[in-house]
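Trainee: Mind having a look at this structure? Questions to follow.
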Amino acid sequence: MSHPSAAAAVSLSANFADKAEKGDRASLAEARDVEKDAATATATAKATTTKSNEGTEGTEGTVGESSLDDDANIVWWDDNDAANPYNWPTWIKVVNCVFISAMTFITPLGSSVFAPAVPQLLTEFKSDSLELAAFVVSVYVLGFAAGPILIAPLSEIYGRLAVYHICNLGFIAFAVACALAPSLNALIVFRFFSGVFGSCPLTNGGGTIADMIVQEKRATAMAAFSIGPLFGPIIGPVAGGFLADAKGWRWVFWLLVILAGALSIGMLVFARETYAPVLLQRKVDQLRKETGNQLLRSKLDTGLSPTDYFKRSIVRPLRMLAFSPICIIFALYMSIIYGYLYLMFTSISVVFIQSYGFTTSTVGLVFLGLGVGSMIGLCYFSLTSDRAIKKTKTDGQSAKPEDRLKPLPIAAVLLPAGFFIYGWTVQYHVHWIVPILSHAIIGAGNIIIFMALSLALIDTFTIYAASALAANTVVRSIFGAVLPLCGLKMYEALGLGWGNSLLGFIAVAMIPVSYLIIRHGEMLRTKYPVKNL
C-alpha cells in the first residue's frame with residue numbers, strides 16, 4: 001500500500017501551516033478544492049479535507065500529515081470532526097488533563113515520600129550505610145530512566161490510553177511489593193520497577209497535552225499538568241514524615257497503593273484516547289466496514305507493521321539524542337537542574353535535622369519552600385509564555401518553539417543565587433527561614449527552566465513529543481539517580497557552604513548557555529533536523 005513518507009508529510013504539513021499563518025487563503029482554497037474533487041470521484045473512500053487553523057493544528061501534533069494529497073483513498077479529519085482531539089469540548093480536555101496530572105502527582109510523590117522514613121528502614125534492616133540510604137531513594141529515579149525507552153514507542157503504536165492503564169497497574173503492583181518487602185535488597189529491586197512503571201505519565205503526559213491543546217494555549221495547559229510532578233516530590237516528604245512517625249515506613253507505600261488505585265479506576269472510566277494516528281486508524285477501520293473499500297488508509301499511516309514500527313520507535317529517542325543538537329543541549333541542561341533537585345531531596349532532611357534540630361515529622365515541612373517558589377515560577381511562565389505566542393500570531397507571524405525560551409535567562413540567574421544563599425546560611429546556622437527562602441528561589445528557577453525547555457521540545461517534535469520527552473527523561477533521570485549518591489559525600493568533604501557553592505558555580509557556567517540557546521536555537525533546529533523519524 002503506497003503512501004507518503006513521514007518526512008515528506010512533515011514538509012507538506014509545514015508548508016500548509018505556513019500558508020495558513022500568512023493568510024494565503026486563495027492557495028488553501030484551491031488545495032481544498034482539489035482534495036474535494038478527488039473525494040467526490042471516489043465516494044466510497046470518504047476521503048476528507050482538512051481545516052485550517054485549529055483543525056490543522058490538531059495534526060500539528062501529528063507531524064506526519066500531508067494536507068494536499070490527491071489520493072482519494074486517504075482518510076483525514078472532517079471539518080469540525082468530533083473525533084479530532086483538538087475539536088473536543090473543553091470539559092473533556094480538562095478531564096483528561098486532570099487525570100494525567102493527578103497520576104504525575106502520585107508517581108513523583110513516590111520518589112520522595114519515602115525519604116524521611118529511610119532512618120527507620122535502616123534501623124529495621126540493621127544498616128548504617130549512607131550510600132544505601134541515598135540509593136534506596138534514588139533507585140526509583142533510575143527506573144524513571146529505564147521506563148521511557150519502552151513506554152514512548154509503545155504509546156506511539158498502541159496509543160496513550162492503553163499504555164497508561166498497563167503502567168498504572170504495574171505501579172500499583174510494585175508499590176504493594178515495596179510495602180511487603182522482606183529485605184533491603186528486595187526493596188531496592190521493587191523500587192526500581194515501581195519507578196519504571198511510574199515513569200509513564202511523565203513520559204507521555206506532554207504528548208497527551210500536545211494531542212489536545214493548540215499551541216497558543218499549550219503553556220497554560222502544561223502549567224496545570226506540571227502541578228502534579230512539581231508538588232508530588234515536594235509534598236512527598238511532608239506526608240511521608242508524619243505517616244512514617246505515626247504508622248511506620250511500610251505505610252508510606254500503602255498510601256501510594258490507595259491513591260494510585262483510586263486514580264486508576266477513575267482513568268479506566270473517564271479518560272479517553274488522544275493520539276491522532278490511533279484515532280484516525282479507528283476511523284479508517286469504521287469506513288472500511290461501512291464502504292467495503294479495503295484500500296482506505298489513514299493519512300498518518302506509515303505502512304509499517306507493529307513490529308517494524310516498534311523497532312523504529314524504540315531507537316527514535318536515541319536518534320534524537322544522537323543527531324539533534326537541540327535535544328542534546330536541552331537534555332544536559334535539564335539533567336543538571338533535575339540532579340540538583342534530587343540532591344536536595346536526599347540532603348535536606350539530613351541538613352535540617354543535624355543543623356537545626358528538626359524532627360522526622362517537621363523536616364518534611366522544609367520542602368514547602370521549594371513548592372512555593374516553584375508555584376511562583378510556574379505562574380510566571382504560564383502567563384508570559386502563552387501571551388507571547390498569542391501576540392506573535394496576532395502580529396501575523398508564525399510562532400516558533402524558540403519563543404518558549406525567553407524567560408530562560410531570568411531562571412538561569414535565580415538558580416545559582418539560590419544555591420549560594422542556601423549554602424552559606426546553613427553553614428553559619430542563620431535562622432532556618434532564610435535557607436528555606438533560598439529553596440523558593442531555587443524552586444522558581446528550576447521550574448521555569450524545566451517548563452521552557454519541555455515546551456520547546458513539544459513544539460518542535462509535536463507528534464513525536466513523547467519520544468523527545470522520553471530521550472530527555474532518560475538522561476535527566478540518570479543524573480537524578482546518580483548525583484544524590486555523591487551529594488552527601490561532597491558535603492562531608494567541602495562543607496555545606498562550599499559544597500552548595502560548587503553547585504552554584506556550575507549553574508553560573510550555564511547562564512551563557514541560556515542566551516546561546518535563545519540566539520542560535522532556531523538555526524540548530526532547522527539545520528540539523530532528525531529525518532525519517
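Residue numbering: from 1, along the chain as shown.
Cβ atoms are placed via backbone N, Cα and C, with glycine included.
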Trainee: Between the candidate ranges 188-207, 288-307, 388-407, where does TrEMBL place the transmembrane segment annotation?
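Mentor: Result: 188-207 is the stretch TrEMBL calls transmembrane segment.
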Trainee: Please work out which recorded stretch in 94-114, 219-239, 320-343, 432-457 has the most C-beta pairs separated by under 8 angstroms from the transmembrane segment (188-207)?
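Mentor: Maximum Cβ contact count belongs to 94-114.
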Trainee: Quick check for me: are there 3+ Cβ pairs below 8 Å between the transmembrane segment (432-457) and the transmembrane segment (320-343), leaving out pairs under 6 residues apart?
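Mentor: Yes, the transmembrane segment (432-457) contacts the transmembrane segment (320-343).
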Trainee: The transmembrane segment (320-343): which same-chain residues, six or more beyond its ends, come within Cβ distance under 8 Å?
Mentor: 111, 138, 141, 233, 370, 415, 419, 442, 445-446, 449-450, 453-454, 456-457, 460-461, 464, 467-468, 471-472, 475-484, 487, 503, 506-507, 510, 513, 517, 521, 524-525, 528-530, 533
Trainee: Give the one range among 94-114, 134-154, 161-182, 408-426 whose Cβ atoms make the most pairs under 8 Å with those of the transmembrane segment (469-491).
Mentor: 134-154
